[in-house]
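Per TrEMBL, the features are:
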| type | residues | note |
| --- | --- | --- |
| DOMAIN | B:512-722 | domain 'Metallo-beta-lactamase' |
| TRANSMEM | B:6-38 | transmembrane segment |
| TRANSMEM | B:232-254 | transmembrane segment |
| TRANSMEM | B:274-298 | transmembrane segment |
| TRANSMEM | B:305-322 | transmembrane segment |
| TRANSMEM | B:328-347 | transmembrane segment |
| TRANSMEM | B:359-379 | transmembrane segment |
| TRANSMEM | B:391-415 | transmembrane segment |
| TRANSMEM | B:478-499 | transmembrane segment |
Amino acid sequence: MGSKRRCLYCMEPRQEQLSWHGLISRADDPVCPDCRALFTMLMSRDCRICGREKDEQSAPFFQDTRCGDCVAWGEKDIGRALDHNISLYRYDKAMQQWMARWKYRGDPALTAVFQKEWVQIWRRSYASWKVMALPAGPGRTQERGFNQAVLLADMLPGDRLNGLEKKDEPKKQSKSTKNQRESLFYQPFYMNNQEKIRFNGEKILLVDDIYTTGTTVRKAASVLRSAGAERVASFTLARSTGTLSRKEEKAQ
Amino acid sequence: MNLLIAVLAALLGITAVYYSFPIFLISVFPLLFVYVWWKTGQKRTLIYGGIVFVLFSIRMDSAERNNVSAFNEPPERVEAVILTTAAVDGDQVQWQMRERHHQEKIFVSLYMAEEKELLQIQSLTPGSICRVEGQWKKPAAAGNFSAFDYKNYLHKQQIHWTVEVSGMDHLLCRSPEQDSFLSAVSQWRYFGIKHIQKHFPEELQGISSALIFGDRNDLAPGVEKAYQQLGLIHLLAVSGLHVGIISGILYYTGLRLGVTREQMSFILVGFLPLYAMLAGGAPSVWRAVLITMLVLLYQRFSKQTLPPVTALGAAALAMLWIDPYYSWYIGFQLSFFISLSLLLSFPILRRLHSLPLQLFGVSAVAQTASLPIILFHFYEFSLLSYILNIGFVPFVSLLLLPFCFLLFFLSLLLPQAAEAAMKPAEFIILLLHNNLQALAESRILQVVTGQPDTLQLLLLSVSLLFVFAMAEKKHRMGIVLAAGSLAVVFGWLFAAPYFDSKGAVTVIDVGQGDSILIELPYRKGVYLIDGGGALAFPKEEWQKRKKEYDPGEQTVVPFLKSKGIRTIDKLIVTHGDIDHYGGLYAVLKQIEVKQMLYGRSDEEKDSERQFLETAYRQGIPIVFAEKEMAWKEGDQYFQVLAPLDNKASGNEASIVLYAVMGGRSWLFAGDLEEEGEKHVMQAFPGLKADILKAGHHGSRTSTSASWINQLQPKAALLSSGRCNRFGHPHGEVLDNLEAGEVDIYRTDEKGAVEIAFTHQDIVSIRQASEEILNDQCGS
């Protein structure tokens, strides 16, 4: 009776869970319902700018619809370079594990797990924006064999924007400490001069896997803005909330 | 999914062969093809589906070929084996038997002459061999539109003859030579039911027999009808829950006694078919038993759990292969479809967290999903059932069912203890059933939709599918849209008659009696002239049936409901004879009547008075018809021609109604006789009628030659019972009509007559049956 299908994530054989909706739709989920339930979608956009959730930790720093971080970003030029960020999922234990398998242990097929939601959100709000994958340094791409941002951007139909490049960093970001990472004077991004690209009032959607403090995307955004982009927003798979923001750190 | 497609292919194959490839089915094929391709994208699935379709077509074809009688002529006497337990009702007993020579099933009914014959009959166990002498008849096709077709019903059980035996002298039986296993099982069932009849108090008998042995013969008809009307009848069917409880008890008792799990699985697999037979072998029992067996076997051999949908699909395929005629059984349709709906709704039901909410969810899904099937067969549904099921499902399945089993075994082992427990139980059940019946009779929240046609049924099903799918996805806009389309379909069902430019006059086949329905175009008016009624003969107490034949209950009311009629504007009771008003008791109970026009007689009979009082107590305005009473409705015109005065009595007091409909003149003559005809002709010398409902069922005392001469009808409608003892319609009347070149339409010959008309002319005349129904009257 047909071949046994397996869940893309847990690899367990799957029993077809028939349902009413299943009868009239064909897009079946590549992962089983149990795995699907592991991930938490971010439904409320508490911070209108970065999508940070209002929880015990972040609530005291919220000013209206902006979180403490974004208030602080608003005072800086580089901070204002990014229009806003939208993230699909909370960066929790399950997401961390998924990222570990996908990115570090190199299982790019797992990208398909979030394809449906990813494309859906893009289609709903960003179909008119130009998509650009956040570049990785040549060394990093070599090491991994792929750039995760490109994988995510490739799920979206239409053309990619090119021209932005990144220098290899001295250290991997996630292993560096907050201060090093957020040194606003270090600019790893640059425009690929040979192509002499100027953006004429384009709206650019920068795609990356994770939004933590927003420094990286803002650095990229500021380069794009100076190259003529009108607005730059970032579209990320997960919004990390584990780390404390600067203001919160200070308060402690 | 693939198995669901296979079941669909099988059903298509079966129906395609049975209806010899009608256009509708053929137009379904490409649709289904596209759907399967779109859904699975697998060539394989399409090929498998095609193979299943062909296999089941062949299976059905061979079933139809073999489903013919070996008897061309009725034999004088045959030897036959009793297959079923005797269904005793008053002085009538019925069995299914198998004729021994040709191995053909026959349906035998016997009328007892004396009460003491019952003792003899009760000693006849299944498996007994009898010499049967009686009158062989071919079962009759349906005499009414969208009505129960007895011939078809028996055909699907491979029965082609009914045999009427006039007494125990003509049924000589001996005990079985050797007990076959099968007959032994049906004997146990027989003794079990007998045991309940003997030892259980009356109110508990019916429900216990139904719940333990799947036998509803002992259930009071009113109670059964209440369960059906309120959407609770599924609780009386032996089904999954029974099988679950029984398997569970056996399994754990086995384990306690030290049997291993594996052995216990095998024991259960062996025992379950036996139980299915003990419980009466209804489709729902077999479904449950087959699924349990499949799950157990699969687990035993593959060490994995069989997905429930797969088990359900496999069980459906197995049953359809064994007997393709199951496709037409309501029990089969409901049982499988509701099970499937519940499985499909699992993602919705899982979201409900409290037990009462879950119960409501399950009952709501079951009720809603089965709507297309329910409306197709019963033309109405109860909104009350949504609420009632919440309480009744757990009550019957968790309390009553185990209690009945307990009581049954207790009464075998410790009769005294059982007796003590029965008293309070009887009280509770009596209370419950009385309330249920009262609730059913009140018809609160009972929605009559009429019989949906194919397109309406399809749209209804598709809307429901989308409602469920959108509810599952919590898609708000989708839910609104799907619910909207559902509302549109229901609106259409309700409103369609009000947009129909066609009206119709239907002479309903109520046997010996009259009942004529007039529906005006755009439903500007619904009039019912008489409601049939069975003549009652004095009977002794033991002879009385639980359910005496009542054409009102069995024919008129279902017919009105099939047309979606909820209100009768004028109920015209021509006169006070039982064959004209007897069936109206049922009509008054179930359908709103705005006004009653009554043909008052000089002398009122007691029974007639009783009928009038019933109507009066219901607050129905009663108008006694008088000559010259007339009304108009658009192009249509109605006038009472008789009674001329209040001095007439009996048949001569009949209301004679003249009408102009569809540009034609009509005359409904009630039971008017020759004398009355003369008076009417004198009073209305220029009277003509294109269509005449002949007086008094075509008796020779009515429809005189001069009456025909005067009216010059083109068509005559004759309403009389098949093979009636009065010899209606009389040859003389028929001769007179033929001499006048009048087209004759007889209900006794081809059942109900429907004449459809628009405001201009008559557009069609048709009868319910294509074949002659009264060719077996005998002497």
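Every residue gets a Cβ built from N, Cα and C, even glycine.
Only sequence-distant pairs (6 or more apart) were considered; of these, at least three Cβ pairs between the transmembrane segment (B:232-254) and the transmembrane segment (B:328-347) are under 8 A, so the stretches are in contact. Note on the domain 'Metallo-beta-lactamase' (B:512-722): mean pLDDT across this stretch is 92.
Distant neighbours of the transmembrane segment (B:274-298): 182, 185-186, 188-189, 192, 212-215, 237-240, 242-244, 246-247, 265, 268, 304-306, 308, 311-312, 314-316, 318-319, 326, 329, 331-332, 334-336, 339; these residues of the same chain sit at least 6 beyond its ends, with a Cβ under 8 Å from one of its Cβ atoms.
Beyond its flanks by at least six residues, the transmembrane segment (B:6-38) meets 45-46, 48-50, 52-57, 59-61, 64, 313, 316-317, 320-321, 324, 327, 454 of its own chain at Cβ-Cβ distances under 8 Å.
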